[in-house]
Amino acid sequence: KLATLGLILCVSLAGNVLFAWLILRDRHLHRAPYYLLLDLCLADALRSLACFPFVMLSVRSGAGAWPHGPLSCKVLAFLAVLFCFHAAFLLFCVGVTRYMAIAHHRFYAKRMTGWTCLAVVCMVWTLAMAMAFPPVFDVGTYKFIREEEQCIFEHRYVKANDTLGFMLMLAAVIAATHLVYVKLLFFIHGHRKMKTAPLATGPVRGRGAPGQAAANWTAGFGRGPTPPTLVGIRQATHSQIKRLLVLEEFKMEKRLCKMFYMITLLFLLLWSPYIVACYLRVFIKASTIPQVYLTASVWMTFAQAGVNPILCFIFNKELRVCFRAHFPC
């Protein structure tokens with residue numbers, strides 16, 4: 001247990017801090033999706049630094065009780081729940097922004113600025129705080145769980161405390177996140193067979209020629225003077241917001257969607273065994289969960305804090321290029 005948790009701690013701190021530094025350092029990564037990824041990396045690094053060393057101390061002592069006082073245990077349990085809900089809410093917001101980036105690119109490119117990302121991050125932390133803070137005042141809710149060897153929310157029978165409400169909220173957020181990605185998948189599949197209109201770079205003849213020439217000229221294709229249908233209409237300059245999602249941008253947005261969905265999917269896979277154990281405790285009053293299963297499920301939730309940098313490096317070509325540029329060796 002100590003070796004596994006120590007490895008998770010080192011990988012999480014090294015990977016998340018490295019990717020956070022890379023996002024802050026490289027100007028090519030100063031965009032909305034990477035700002036949200038930066039918040040996720042910093043939160044995982046803080047979770048590893050604040051929670052995992054105390055779990056290692058409890059495992060090393062093997063006393064079956066928390067030796068550092070009830071206040072510190074309550075603080076650690078509060079932080080564990082806070083980081084869990086923060087990751088869930090942030091991944092949901094990332095899924096919504098990924099859908100807008102492809103389905104409503106004009107609105108996304110115009111509105112999704114750095115200040116908007118800051119507002120989203122503040123909203124996510126506020127929601128996570130709202131979910132994690134109320135149990136602080138409930139006697140006996142945040143305590144040391146001997147079977148899990150950590151301070152966490154005590155999952156008791158449904159009539160004993162508010163565990164069911166917390167678990168339903170977490171399940172609802174995770175399910176809503178996957179529904180957003182399913183809707184995005186259907187959108188991409190529905191627009192895959194759409195063919196682009198032929199570009200008119202020379203004289204265009206026919207009944208629809210003025211309209212086609214105006215559309216091509218507005219999109220940036222075509223040469224020559226302003227078409228008659230656009231005379232008197234103020235056109236956007238190159239420095240202003242782009243009107244269309246071109247092919248290269250579309251491919252880049254799809255790669256980002258793939259990376260973030262893999263992060264979301266792995267979050268679900270790593271937390272599912274522990275969520276199942278919690279539901280067993282909630283609905284079955286005398287449920288006895290095997291210790292091996294419970295320990296493995298808890299350690300899988302710990303591993304979630306260190307796998308995101310690995311997924312980013314595997315599924316994001318742009319991050320790999322920036323990484324090689326800063327570390328040629």
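If you go along the chain as it appears here, the first residue is 1 and each next one adds 1.
Heads up, the Cβ atoms here are built off N, Cα and C, so glycines get one too.
Bear in mind that TrEMBL entries carry predicted annotations, made automatically and left uncurated.
Residues annotated as transmembrane segment in TrEMBL: 6-24, 76-101, 113-133, 164-186, 260-284, 296-315. Residues annotated as domain 'G-protein coupled receptors family 1 profile' in TrEMBL: 15-312.
Between the transmembrane segment (6-24) and the transmembrane segment (260-284), the number of CB pairs under 8 angstroms, six or more residues apart, is fewer than three, so the stretches are not in contact. Mean pLDDT across the domain 'G-protein coupled receptors family 1 profile' (15-312) comes to 80 in this model.
Beyond the transmembrane segment (164-186), the same-chain residues lying 6 or more positions past its ends with a Cβ under 8 Å from any Cβ of the stretch are 81, 84-85, 88-89, 91-92, 95-96, 98-99, 102-103, 131, 153, 155, 158, 257, 261, 264, 267-268, 271, 275, 278-279, 282. With a cut-off of 8 Å between Cβ atoms, the residues of this chain six or more beyond the transmembrane segment (260-284) that come close are 33, 37, 40, 84, 87-88, 91, 94-95, 98, 155-158, 163-164, 167, 170-171, 174, 177-178, 181, 293-294, 296-298, 300-301, 303-304, 307-308, 311-312, 315.
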